[in-house]
Amino acid sequence: MSSQIQQDDLIIAGRRFHSRLFLGTGKFSSGSALKEAIHTSSTEVVTVALRRVDLDSKEDDILTQIDRKSILLLPNTSGARNAEEAIRLARLSRELGGGDWVKLEVTPDPVYLLPDPIETLKAAEILVKEGFHVLPYINADPILCKHLEEAGCATVMPLGSPIGTNQGIKTLANLEIIIEQSKVPVVVDAGLGLPSHAAQAMELGADAVLVNTAIAIAKDPAQVAYAFKLATEAGRISYLHSVTSARPSKKASASSPLTGFLEEETRNVHGAV
Amino acid sequence: MYTELFDLVSFSEARERVLYKTSRDVRSALDRSHSGKHLSFDEYLSLISPSADPYLEEIAELTLEWTKRRFGNTILLYMPMYLSNECRSSCVYCGFSYENKIPRKTLKEEEIHAESKVLYEKGIRHVLILTGEEYSITNLEYLCSAVRILKSYFDSVSIEIYPMETEKYEVLIKEGVEGLVIYQETYDPETYSKYHLRGMKKNMRYRLEAPDRGGRAGFRRIGVGALLGLSDPYGEMFRLGEHAQYLTKEYWRTTIQISLPRMRPAEGEFDLTIPISDREYVRFLFALRLFLPDSGLVQSTRESIRMRNHLAGMPITHMSVESRTDPGGYSGGMELKQFEIEDSRKIPEFVEMLKKKGLDPVFKDFDRAFLEE
């Protein structure tokens, strides 16, 4: 076995990541709390709301907490209500040195912040053509995921439950289909309130998880970030090594075995040819 | 293109990855399947490995369960129709090989009508047309006119012909072809070049990329397969599983079918076949079912009556019946066959067997209305 096969790095758009926990930056109480959470979570992907940061300023509180050499700063378009607004934000980010990566969020609904599938797909198609690595935040819709994949998105990011609700994985059946069908990494985003939710997503076979609220508003964000790191890794190990037996294996039925016909004779089709 | 994936792992490394699997790997793959989940690719490799052999009965139970869950108690019946045995390629194992001095024949329009009438009267509504690799005779124009005739008899017309460009596939789809079948024969580049001596078929990559071209053209069904017996079966099964999974994800509107033919006697003097025992063959099929539960598994009359009786509905879901492998064989009987078949039962007898097993033989599972603009 080559070492290449044994490695378990996450690869998105040709970039390699050791950590499978992405961190959102909204809602932290301070820049230092964010910095500690980044450190204890070992995250390598940190999303930042474009509307919140001043990419032009070196003094920006969020940006100063992120070592952009080892961590991918993933600008997001949260606040955009349609494709046009999201595209404008992404272009602005690139102009200001935010790079080619963008987490696409189009959420016209200000209450539940549910993503608009039609506008998201429209924006993704245009941004991919413009050379962006697009990571779209979406509802857990398997067909939409295939359309986004075809549009050339680098990942899909289906929600576990509505953003900020901490309800965990309420979209289980659809997530299972998405994970099974996807050609690009699946990052479960939104709704993960407890480390066990992250573990569950990873056990399902998600490639990564994104957590924000649950860490940012915790009493001790650094400790909770660490718990999410462990849970993400535990879920991944569990997935890889199939600690998933939900029920005991059935015993073979001796009375009418299904493979009994194979014992009737050992036939070798080819030897006789 | 699948070739991007194909190039990442060599055939010998693929083989090693299967043989490396242990009993523990098999156990955890089975646990996942019991819990109602599809296998990962790595788990699929465990189930095709020799380490899975002691678990065959348990795997069979799971296979039965998954086949019933996804396909119910149905078997789709189809018949092949050989339009031509003209061939410019030399594949050492094939009866149609250019080197073989056999009478050659390409069906004329009235002969296609005659063949179609016979099949139609038997109740068949799904037909698979085949040719050799003679592009100048069975060219696009010929195929289009054949399809136009066949459409007046059959609800579903599929092709198993030489690989083509996407644009030509698109023309055939417009004419009313629903499915494309293109078996790689062997995924082992070394064996491939050794057994394909001349003609267009010598170009392995062109063939390997044909399902991609078919997917892009928009076929509703694409069938892939490996001809077991030409090279190392573990390498072949690694590749076949990888290829089918890739196509399933890439062309997600297309139904992917898999076939696992074993080498059969044919005209010529090919005697280098690698034996695949029944037990091994069955293990491979079971593993494919648990790995890709929604893929139709197709079995031809190459297999014995005993094997076909037992595998119908578990895991096999699509079967040919009463096949002739010679052009004009249904209406004329020319004895120009591509290979020997094992199961020569007539449709009523075969249907009776299926019914006794509690299986419903399905003759029509498609309607031309899907294709009409």
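Cβ atoms are placed via backbone N, Cα and C, with glycine included.
TrEMBL: automatically predicted annotations, no manual curation.
Over in TrEMBL, the protein carries these features:
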DOMAIN    A:12-257  domain 'Thiazole synthase ThiG'
ACT_SITE  A:Lys103  active site, schiff-base intermediate with DXP
BINDING   A:Gly164, A:Ala190, A:Gly191, A:Asn212, A:Thr213  1-deoxy-D-xylulose 5-phosphate binding site
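Feature annotations (TrEMBL) mapped to structure.
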residue: A:Lys103; record: active site, schiff-base intermediate with DXP; DSSP class: strand
residue: A:Gly164; record: 1-deoxy-D-xylulose 5-phosphate binding site; DSSP class: coil
residue: A:Ala190; record: 1-deoxy-D-xylulose 5-phosphate binding site; DSSP class: coil
residue: A:Asn212; record: 1-deoxy-D-xylulose 5-phosphate binding site; DSSP class: coil
(message) Return only the integer: C-alpha distance in Å from A:Gly164 (1-deoxy-D-xylulose 5-phosphate binding site) to the residue listed as 'active site, schiff-base intermediate with DXP'.
(response) 17
(request) Could you pull the average pLDDT for the domain 'Thiazole synthase ThiG' (A:12-257)? (result) 87
(message) A 10 Å Cβ contact count, applied to the binding-site residues A:Gly164, A:Gly191: which residue has the minimum?
(response) A:Gly164
(message) Quick check for the class: what is the C-alpha distance, in angstrom and rounded, between A:Asn212 (1-deoxy-D-xylulose 5-phosphate binding site) and the residue listed as 'active site, schiff-base intermediate with DXP'?
(response) 14
(request) List the other residues in this chain whose Cβ sits within 8 Å of the Cβ centroid of the 1-deoxy-D-xylulose 5-phosphate site residues A:Gly164, A:Ala190, A:Gly191, A:Asn212, A:Thr213, in sequence order. (result) A:Gly24, A:Pro162, A:Ile163, A:Thr165, A:Asn166, A:Asp189, A:Leu192, A:Gly193, A:Val211, A:Ala214
(message) Taking only same-chain residues 6+ apart in sequence, whose CB is under 8 Å from that of A:Lys103 (active site, schiff-base intermediate with DXP), what do you get?
(response) A:Thr47, A:Leu74, A:Pro75, A:Asn76, A:Thr77, A:Leu135, A:Pro136, A:Tyr137, A:Met157
(request) Could you say which of the binding-site residues A:Asn212, A:Thr213 has its Cβ with the most other Cβ atoms inside 10 Å? (result) A:Asn212
